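Q: Found this in TrEMBL, in case it helps:
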- 1-24: signal peptide (SIGNAL)
- 46-335: domain 'PBP' (DOMAIN)
- Ser53, Thr54, Ala55, Ser83, Asp101, Ser187, Gly188, Thr189: phosphate binding site (BINDING)
Amino acid sequence: MSTVQRKRWAPASGVLVTALVVSACSNSPASLPYTAGAKVDCGGKQTLAASGSTAQANAMTRFVDAYRQACSGQTLNYTANGSGNGIADFLAGRTDFAGSDTPLSGEQYATARQRCGGADAWNLPVVFGPLAITYNLAAVDSLVLDAPTLAKIFNGTITRWDDPALALLNASMPAEDIHVIYRSDGSGTTDNFQAYLQSASGGAWNKGAGKAFNGGVGTGAVGNTGIAAAVKNTEGAIGYTELSYALQQGLFAAEIKTPASRRSLRPVRIGTDTVGKTIKGARITGAGNDLVLDLSSFYNPAQPDVYPIVLATYEIVCSKYPTFDVAKAVKAFLQAAIGPGQIELAKSGYIPLSPEFQARVSAAVDAISSVDAPKSE
């Protein structure tokens, strides 16, 4: 495959950065509880360990900064090694919690209960970020795609950028081969992307979802960082990555046509409003403080200006930790993440929690406890 080195900003990405920053600045402290003085009950283990989702890695950098500022002398070491590895690390007791773009499965719940000393594990959605369909075409600054066409690209049915299906969506396309870039590691990002294709492509994708890429074509890359770098360095490439990584690399992001946007004749560009409307459709299906979300409503939105591919990243925690010092520190970190950590999150390409959703997650975080908690706790 030929490679090129260029620095350029996608129209979609550039507009998004501006929109997110304006949105974040336009909300007054009175309307959003993201203040530096938000409740963070410090204490416990000095250095936490967590691993998992690469999609939330840039958000975690902000969260750790907020945690350090709120709790002097405390920190967290986060390893962005993919959702599958993060869950494995947590279940094996190598970390204090996991970050994953998909919640625990049925069998994993049982293993987590053993790891948590007999207590249940909770999936707490703390990070929301749009999944960008990134591409690298020297002659194309604006690309429109829909789910059926995306499915055919990623399963190898469409192999050329000048394919008639792409010509129907775009005025002019180059006579080049398509180079698919996919996640080679176990990835919740891949799981979410394939779930979207399975749900929204009208049968064009019949390979199911899952953390392993099932398309059978293309070149693998490790992590969101690897995907973004490979797309940037490969002429004719297309890949999927959490938005913040696309912004870091200056990549172009495709606009997506949905059945609703076809009726309005406007494809959907990633933006604060279009992604915010998506998140409003999230429905909690987990029991109690296990805040598992049903994201199926995201994929086929009924309204025209709703972006259909949005990730929710969960922090997977013990509801009751075997030791007090870990429980105390995990609570403090998550309080910092959903409080002051949200203040400038939009600048990194994520969507801050709404006040209503923040309150629900906060209640779950506050309910984390430990077997050996002091009576005063």
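FYI, residue positions are counted from 1 along the chain as it appears here.
Heads up, the Cβ atoms here are built off N, Cα and C, so glycines get one too.
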Q: Around the phosphate site formed by Ser53, Thr54, Ala55, Ser83, Asp101, Ser187, Gly188, Thr189, which additional residues qualify by having Cβ within 8 Å of the site's Cβ center?
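A: Everything else in range on the chain: Gly52, Gln56, Gly82, Gly99, Ser100, Thr102, Thr190, Asp191, Asn192, Asn224, Glu242, Leu311, Thr313.
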Q: Go through Ser83, Thr189, our binding-site residues, and report the one whose Cβ sees the most other Cβ atoms within 10 Å.
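A: Its Cβ has the most other Cβ atoms within 10 Å: Ser83.
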Q: Which of the three DSSP-derived classes (helix, strand, coil) applies to Ala55 (phosphate binding site)?
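A: DSSP call for Ala55 (phosphate binding site): coil, neither helix nor strand.
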Q: Give the residue from the binding-site residues Ser53, Thr54, Ser187 that has the most other Cβ atoms within 10 Å of its Cβ, counting over every protein chain displayed.
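A: Going through Ser53, Thr54, Ser187 one by one, the largest Cβ count within 10 Å is at Ser53.
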Q: What same-chain residues, at least 6 away in sequence, bring their CB to under 8 Å of the CB of Gly188 (phosphate binding site)?
A: Ser53, Ala55, Gly82, Ser83, Gly84, Ser100, Asp101, Thr102, Lys211, Leu311, Thr313
Q: Over the domain 'PBP' (46-335), what does the predicted model average in pLDDT?
A: 94
Q: Which of the three DSSP states, helix, strand or coil, fits Ser187 (phosphate binding site)?
A: coil
Q: Run through the Cβ atoms and count how many others sit within 10 Å of the one on Ala55 (phosphate binding site).
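A: The answer is 31 other Cβ atoms.
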Q: So how far apart do the phosphate binders Ser53, Thr54, Ala55, Ser83, Asp101, Ser187, Gly188, Thr189 get, largest Cα to Cα in Å?
A: 9
